[in-house]
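K.L.:
Starting off with a structure, shown below.
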Amino acid sequence: MGAYLSHPKTDKTSTDQFNELLAVGASSMQGWRNSQEDAHNSILNFDNNTSFFAVYDGHGGAEVAQYCADKLPHFLKNLETYKNGQFEVALKEAFLGFDKTLLDPSIVSILKILAGEHNFVDAEADDYEEEDLAELQEESNLPLNEVLEKYKGLPQKKDLDLKSSDHKENFKMRSPYFRGRRAAALAAEATNKAVMDPSAKPDGSSTSAAAAAAALSADGVANSRNPSNVVNPMAGADSNTTTSINDLSTKNAALKDDSVNDQNEGSNGTDFKHTLVSSSNKKLFATGSNDMTELNQSSKNEFTNSSTSKEFERNINSSQDDEFTDDDADYEENDNVKSPDTSSAESSDCTENDDDGDEDGNEDSDEEETDEDQMANDNFCANMIEEPGKDSGCTAVVCLLQGRDLYVANAGDSRCVISRSGQAIEMSIDHKPEDDEEASRIIKAGGRVTLDGRVNGGLNLSRALGDHAYKTNVTLPAEEQMISALPDIKKLIITPEDEFMVLACDGIWNYMSSEEVVEFVRCRLKDNKKLSTICEELFDNCLAPNTMGDGTGCDNMTAVIVQFKKKLQELQSTIPPNQTEDKLLKTSENVSHSLNDQSASKRCASQNADADDEILEKNNSKRLKTDLEQENIKDRTPSPSNQNEDPTQKAIKEVTIIVSSS
C-alpha cells in the first residue's frame, strides 16, 4: 500500500460540460493518499461528431498519468489509422506507440519535470555515503542551536556556498538516507492545481495534466539555472541526517517541540511533512500545499520530523549495510526476510525415522523456495532504474464515441460501465496478474506472480503505460512483456435504452460493483442532480472512515459520467451489430445456457442410471442371498466329518451363517 495522510483530503476538483449530444460530469478527489496520482480527459468536441473520455490511474508517481492526459488524445488523432476510420486498430496503435515514446530522452526530461526531479540526478551510493559520513562527523561537533537552525531550514554558510556553485550541471542530493525513489508524491501535490494555457492542452483535460506546460514554461529555464527555485524535498532532510547518531536521542525531543511551533506559524496554516517510512528504507513522502510557491516557502520555514529516533537510527544502520529502493509507492516489502535455519533440522533428523526426515526435508525445501522467490523479487525491485516511465506508470481506460459507435480501450484495472435500462454492461476487463492469461504472459516473459497478486513483488496490475522496468525482455514484442500496454478493445452501438456510462479508477471499483455504481447514479439522476455532484457523492460513499482496513476506500478517486441525449440516436453507426459487446454477451449467455441444459440432461441421465444401478444391485443382492441360503442348506446337511461335531460349536456356526446371509 502507499503512504496515507493522517486525515483525508476530501476537496474535489469537478467540471460539468454539455452539448446537443452529451452531458458530462467529472470529478477527482485525493482522499487518504499522500498525493493525487490520477488524471482524466473529458473532451466533448474531439473531432466531427466524436468525443474522447479517459481516466488514468497513476502509480509510482503522477507524471505518466499527467503526461497521458496532456498528449495521448493528440497522439491518437494524428495516427493514419484514426484518420482512415480504423478506430479499433488506431486505439491499439495509440497505446503501444505512445508507451514507446515514454523511453525517448526528450520525453523522459518532461516526465522528470513533472516528477519534481529537475536539477536532480542520481549518483552512485558510494559518492553519497562518503559525503554524508564526513558531514555526520562534522555536525556531531556543532552546537545544538546550529543544528536546530538547520532543521528549521534557515540558510547556513554551506547552503550559501552551495548556491554560489549552482552552475554545476550535476547537482546531487547529499543524503543517501533520504534519496529514496524521488519525490513523486511531492511533485504531484505541487502540480495538482497548476493552471495551463488552454491552447496547450486538449479541452476537457484534467487539471493535473497542466503540469507539463507549466513546468516547461518560464520556470523550466529559471530552475535549470537556480536550484533554489526548485521544490527541493531535501530542504530539511539534509540537516536531519547530519546530526550525530549519538546525539539523536537527546536532540529529538527538542527538535520535535521546535518543529511543532514552526508548523503552527506556517504560511496559510499548511503543513509540510517529511516522513521516513522504515518498511521502504529511505522512501520519501511529502504532504502540503498544492501551490508550488507555498511549498518552496514552507520547505524553508517548516519541518516536522515524524519519525522517531529509533526509526531514524534504523534507517541509517540499514543504509550502511546495503542500498535498497522500492519500485513504486504502492509497493511494501518485508525487510526482515531470514533464511531458514536448517542446522537444527539436520540434527533432529538423526533421532527421527525416515518418514519424518522426508517431511522435514520437504518443509525446508518449500521455505528455501519461498526465500529464493522473495530474494529474487527484492533484487528485481532493488535493481530497478529510478527514472520516470521506468519505475512509474498508469492504467488507462479510453472511450472514443464516434457517432453512435462506442470504442473502449483498456489497459489495467480502471473500468468503463454502460447503464442499459438499469442493467450494467461492463465495457472493460480488469487486468490482474493472477488471471490465467495475464499470469501466463508474465511467466513467459521471465516474471513471477506472488501469492498476493503482484508482479515480481511489485505491481498489483498486469497492463499499464510506462513501467518500462518490467518491459526489458528483448526477445519479446511490446505486447508480450511482463507488463503490457496492449489494450483490450470492446465495442457497442448506443441505443435508446442506453442511459449513461461511467469511467472510473479502481478506487471506486474496489469498493462498489458495476451494478451498484449504475444503481447509485440512476437514483440521483432521477433527482436531477448535476453529474459532477453525483461523482462527488460517489467518492464520499466510497471513502473509508480510516486507514486501518485493507486499503479499500483509501485510494485516489476519479470518475467521469457521460449521459447520452436523445439526439445522439440521429447519428449513424458503422460497427457490425454482431461485433458489439451486448451481442457477444448474449451469445455467451446462450452458450452458457446450452451448456447448463446439457449438464442438467446429464444429471437427469445420471439419476436414471443410478436408479437402474440400484435395481441391478438389489437383484444381485437377491442372487447373493439365494446363493448364501443354498450354501447354508449344504452346511446344515450332515456330513461324515461333522456328524460327531460338538453341539455348541454347531449352534455357533449356524448363527454365524444366518447373520452373514442376512
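Each position is counted from 1, following the chain as shown.
Each Cβ is built from the backbone N, Cα and C atoms, and glycine gets one as well.
Per Swiss-Prot, the feature Mn(2+) 1 binding site maps to Asp57, Gly58. What Swiss-Prot lists as compositional bias 'Polar residues' is 238-252, 261-275, 288-319, 337-347, 591-609. Residues or ranges marked as compositional bias 'Acidic residues' by Swiss-Prot: 320-334, 349-374. Feature annotation from Swiss-Prot assigns compositional bias 'Basic and acidic residues' to 616-637. For 23-564, the entry in Swiss-Prot reads domain 'PPM-type phosphatase'. Swiss-Prot lists Ser289, Ser306, Ser592, Ser594, Ser599, Ser639, Ser641 with the feature phosphoserine.
Each of the listed features needs to be described in terms of its position in the shown structure.
P.N.:
Neighbours of Gly58 (Mn(2+) 1 binding site), defined as other CB atoms within 10 A of its CB across all chains, total 33.
The average pLDDT computed for the domain 'PPM-type phosphatase' (23-564) is 71.
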K.L.:
List every residue in the same chain as Asp57 (Mn(2+) 1 binding site), at least 6 positions away in sequence, whose Cβ is under 8 Å from its Cβ.
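P.N.:
Within the chain, Asp57 (Mn(2+) 1 binding site) has Cβ neighbours under 8 Å at Glu37, Asp38, Ala65, Cys394, Thr395, Gly412, Asp413, Ser414, Cys505, Asp506, Gly507, Asn556, Thr558.
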